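Here is what TrEMBL says about this protein:
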DOMAIN    26-269  domain 'Aspartate/glutamate/uridylate kinase'
SITE      Lys31  site 'Transition state stabilizer'
BINDING   Gly66, Gly67, Arg88, Asn190  substrate binding site
SITE      Lys250  site 'Transition state stabilizer'
Amino acid sequence: MEQNDATQTADVLIEALPYIQRFSGKTVVVKYGGNAMVDDRLKRSFARDIVLLKHVGINPVVVHGGGPQIGRLLERLGKESRFVQGMRVTDAETMDVVEMVLGGLVNKEIVNLINQQGGRAVGLTGKDGGLIRARKLLAATSDIEGDLVDLGQVGEVSAIDPAVVHMLDGGDFIPVIAPIGVGEDGAAYNINADLVAGKIAAILGADKLMLLTNTRGVLDGKGELLTAVSAREVAVLIADGTIHGGMLPKVECALDAVNSGVKTATIVDGRVEHALLMELFTDQGVGTQIRG
Ligand SMILES: Nc1ncnc2c1ncn2[C@@H]1O[C@H](COP(=O)(O)OP(=O)(O)O)[C@@H](O)[C@H]1O
Ligand SMILES: CC(=O)N[C@@H](CCC(=O)OP(=O)(O)O)C(=O)O
């Protein structure tokens, strides 16, 4: 390393130190959206950042999505995806695909990426260790016709048993969680990953919830980034349609998390390399902070 590079590295470390100390021993829940899993370079970089957090004494817990990946397999099988208010209408056949893609393909890819970068990740779905209990989400209103739509096997979280996550954290492992819940009757439920991340952050008493996605954060009607929004502003933006589709569960779960004691929740651009570190380890942060 050149002298200049070495000095720069030292400067960066010194600047990051207060933030590292602030989060040391704390839990940070990172929701890794399917849309943020853009290419191999970004995925490796995400995994490296997660391993770095663990190395500096922070407990990262990853909750992942995989909506686009589910959509691609459904398409190959000749099945159309339908979303109502950001939720995939999930019949029994679709549920099988969701479980295969989230619990298998995507979960193991992330686990493998983290392990390749020197971490020790363990993949879970909500079925493992009875982590996520779910119940059927009642009908949602269609955006287009205003009709009530039965969402099928779409669930909402009814309870979380964090014992398995605590055990992994304590053993220096990094939990990587797929958003599949299990009902009273043993049936699998497809749960929006943002909603799972919010509930996990709340029950773990996380210091921070970060939702990595494919926009700069919450945008206003003119496409400008809002660096912070309150519950009241969110309600207005939803009512006038500025916040819609996949952004709805994101703001909803972030609000829920901060109202349940999570110190901060932010929506961050996962397409930007090291967005996660910039949000955690700098004063200005990046993306949109959601305030209760
Ligand atoms: N006000 C808004 N600001 C930013 N994005 C928005 C807004 N309203 C709706 N969206 C949409 O929400 C999407 C993010 O949600 P989603 O596609 O479900 O991402 P992920 O896979 O990361 O969960 C954005 O790509 C954008 O199309
Ligand atoms: C009910 C529901 O919509 N579940 C989502 C679960 C995956 C997810 O949330 O993925 P992203 O975070 O990448 O959007 C789905 O089937 O797409």
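Any Cβ shown, glycine's included, is placed from N, Cα and C.
Automatic prediction, not curation, is the source of TrEMBL annotations.
Predicted, not measured: the structure shown is a model, and the values here were computed from it.
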Recorded positions whose CB lies under 6 angstroms from ligand 2, from Lys31, Gly66, Gly67, Arg88, Asn190, Lys250:
Gly66, Gly67, Arg88, Asn190
Translate the DSSP assignment of Arg88 (substrate binding site) into the three-state scheme.
strand
What does DSSP say about Lys250 (site 'Transition state stabilizer'): helix, strand or coil?
helix
Give the subset of the recorded positions Lys31, Gly66, Asn190 lying near ligand 1, defined as CB under 6 A from any of its atoms.
none
Local backbone state of Gly67 (substrate binding site), from DSSP in three classes:
helix
Which residue, out of the recorded positions Lys31, Arg88, Lys250, shows the minimum number of other Cβ atoms inside 10 Å of its Cβ in this structure?
Arg88
Relative to the Cβ of Gly66 (substrate binding site), which residues of the same chain, six or more apart in sequence, are found under 8 Å away?
Gly34, Met37, Val101, Leu102, Leu105, Val106, Ala178, Ala193
In three-state DSSP terms, the structure that Asn190 (substrate binding site) belongs to:
strand
If I take the alpha carbons of Arg88 (substrate binding site) and Lys250 (site 'Transition state stabilizer'), what is the distance between them in whole Å?
15
List the residues in the vicinity of the substrate site, defined as same-chain residues other than Gly66, Gly67, Arg88, Asn190 with C-beta within 8 angstroms of the site's C-beta centre.
Gly34, Gly65, Ile70, Gly71, Thr90, Val98, Val101, Leu102, Pro179, Asn192, Ala193
Cβ neighbour count within 10 Å of Asn190 (substrate binding site):
26
If you draw a 10 Å sphere around the Cβ of Gly67 (substrate binding site), how many other Cβ atoms fall inside it, taking every protein chain shown into account?
21
What whole-number value in Å do you get for the largest C-alpha pair distance within Gly66, Gly67, Arg88, Asn190, the residues recorded as binding substrate?
12
Going by Cα-Cα distance, which of the recorded positions (Lys31, Gly67, Asn190) sits nearest to Lys250 (site 'Transition state stabilizer')?
Lys31
